[in-house]
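The transmembrane segment feature in TrEMBL is assigned to B:41-61, B:68-87, B:93-112, B:119-141, B:161-181, B:212-233, B:253-277, B:289-307.
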């Protein structure tokens with residue numbers, strides 16, 4: 001008896017499908033969606049806010065939807081549904097690069113644009129990648145900013161997270177490259193690795209200051225090491241003598257920027273990234289060919305586009321200081 | 001209370017829920033009814049359907065049977081079989097290796113429950129963390145790429161609107177298990193021991209052996225599910241099976257299987273799997289935040305069980 005009912009349901013379902021299959025969707029405004037890696041964290045909330053602002057400015061319908069856990073299956077399901085909804089351009093902050101390829105095919109078959117933002121899947125066939133900042137710029141900026149604050153000379157300590165983290169090591173190598181090329185009197189100490197804990201970072205930072213009384217600055221490379229490094233400078237009474245810095249989000253760094261334990265931090269502005277993502281989606285829908293340098297209304301600097309790699313670059317990293325940190329919330 | 005009243009009542013509830021969902025969609029989101037959505041629902045149903053079938057068998061067998069490790073088994077099988085491929089396992093052996101590995105992990109669960117006499121809830125909670133933790137530890141949390149490309153059509157291709165893995169795995173195993181449950185002595189044993197374990201033992205049914213086999217079957221099905229994820233995504237991910245334990249349990253209960261064992265059928269479970277995936281897709285389609293979707297599954301579960309209680313009272 002139960003089986004029969006399920007069969008009836010199946011038939012009804014099928015009939016409904018057939019009846020509605022022909023109904024086409026008509027959208028007045030172009031629809032652009034962004035799928036983050038996870039919803040409910042400040043970083044992606046900031047991207048959403050930027051996307052909303054761009055949607056209002058550009059006359060776009062903006063959909064923001066992402067998984068509750070960092071689960072690639074859920075993310076893929078969301079992307080597929082957005083395509084089925086008739087969204088013309090879908091941006092994804094990719095969780096698993098290899099899982100994107102099948103939906104890229106699907107998007108192409110539907111005439112929709114699938115592109116990546118914040119995290120890329122280079123070999124998936126995506127339309128383009130909206131990148132936040134290059135590793136090179138992140139490495140160079142922190143050294144340039146620090147050098148200008150210490151007068152181009154002095155000893156600098158580096159506290160990183162895991163020794164195996166590729167992105168952190170890349171940033172460190174670009175720091176070393178910049179220091180060597182531009183600031184011969186700036187001495188970068190060998191990086192110390194704190195793993196994932198703030199306590200260990202505080203310990204290492206304290207030891208660095210004890211071992212090097214002439215230390216001028218400490219760079220917290222992993223975001224998890226930011227509070228530890230800043231607190232160590234505070235506890236050692238070296239505020240003003242040692243400049244703390246690193247790749248720290250404004251919300252993490254705000255108290256330390258305000259009390260001087262950190263001079264500045266470097267990262268990118270996720271709300272600008274969200275803004276650029278929606279702008280890029282609009283260009284894809286409109287079929288605009290991007291040029292090497294693009295003026296984006298709403299963003300202060302023009303954005304560069306590399307047609308070979310398909311990377312649309314937000315620009316130089318943002319520098320957060322005590323003066324501007326209150327404008328950001330992530 | 002009759003033995004069959006409970007599943008029947010729940011199947012009726014499921015049927016009403018299906019109608020309500022389709023009705024609401026027809027009214028508010030008619031664009032939902034397009035072939036691509038049906039294809040998408042089936043595509044995302046396979047993994048849940050396979051592990052839910054295993055879950056259903058374990059629950060049916062009674063003895064407080066539950067398999068919380070289904071998702072962790074999917075994750076660990078995916079990781080282990082890809083590590084094996086990287087270590088030199090010939091690609092054509094990947095499918096049997098994955099299914100076999102799943103069976104072995106299921107055997108682990110079964111031994112804990114039947115030989116060591118651990119409560120299934122505790123035993124499989126333990127292996128949920130053990131298997132899941134191992135999958136993360138072996139990879140440091142990152143994916144393992146390198147699935148042989150010839151597997152992709154199986155994970156991504158369709159026949160008409162129906163994905164190949166749905167045709168090749170889901171339909172055959174559900175029909176096979178339904179036949180075994182209804183036509184063979186084994187099937188009758190499973191229901192009998194789920195309904196009255198002591199009576200089953202007295203009747204000479206090898207309860208422990210059957211139960212061990214049920215956990216192994218759940219593992220084999222998790223292995224098949226893992227294989228589907230590999231062919232679909234092209235890489236193994238250590239958290240690919242996340243949340244499957246609760247979703248499969250929801251599908252089993254909504255599908256009319258009694259949590260106490262003994263009563264229920266597998267096609268109700270398949271209908272419930274399709275309903276849960278459709279509901280999630282429909283909510284997604286209506287731009288309801290994903291954070292609500294998790295809650296909706298929980299609400300659905302409570303709703304079904306509530307209606308169930310009322311029905312049981314009426315019948316009693």
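Using N, Cα and C of the backbone, Cβ positions are placed for all residues, glycine too.
Counted over residue pairs separated by six or more positions, the transmembrane segment (B:212-233) shares fewer than 3 Cβ pairs under 8 angstroms with the transmembrane segment (B:253-277), which leaves the two as not touching. Residues of the same chain lying 6 or more positions beyond the ends of the transmembrane segment (B:93-112) and with a Cβ under 8 Å from any Cβ of it are 54, 67, 69, 73-74, 76-78, 80-81, 84-85, 118, 123-124, 126-127, 131, 147-148, 151, 211-227, 230.
Below 8 angstroms of C-beta separation, residues 67, 70-71, 74, 106, 120, 158, 161-163, 165-166, 169-170, 173-174, 177, 181, 190-191, 193-194, 210-211, 214-215, 217-222, 224-225, 228-229, 232, 241, 244, 247-249, 251-252, 255, 257-259, 261-264, 266, 269-270, 272-274, 276-278, 281 of the same chain, each at least six residues beyond the ends of the transmembrane segment (B:41-61), sit close to that stretch. Taking Cβ pairs closer than 8 Å, the transmembrane segment (B:161-181) reaches residues 35, 38-39, 42-43, 45-46, 49-50, 53, 57, 60, 153-155, 187, 190-191, 221, 224, 228, 231-232, 265-267, 270 in its own chain, all 6 or more past its ends.
Within its own chain, the transmembrane segment (B:253-277) is flanked in space by residues 3-4, 6-8, 10-11, 13-14, 17-18, 21, 41-42, 44-45, 48-49, 52-53, 56, 59-63, 65, 170, 174, 177-178, 181, 191-196, 247, 297, 300-301, 304-305, which lie at least six positions past its ends and keep a Cβ under 8 Å from the stretch. Taking Cβ pairs closer than 8 Å, the transmembrane segment (B:289-307) reaches residues 9-10, 13-14, 17, 246-247, 250, 253-254, 276, 279-280, 283 in its own chain, all 6 or more past its ends.
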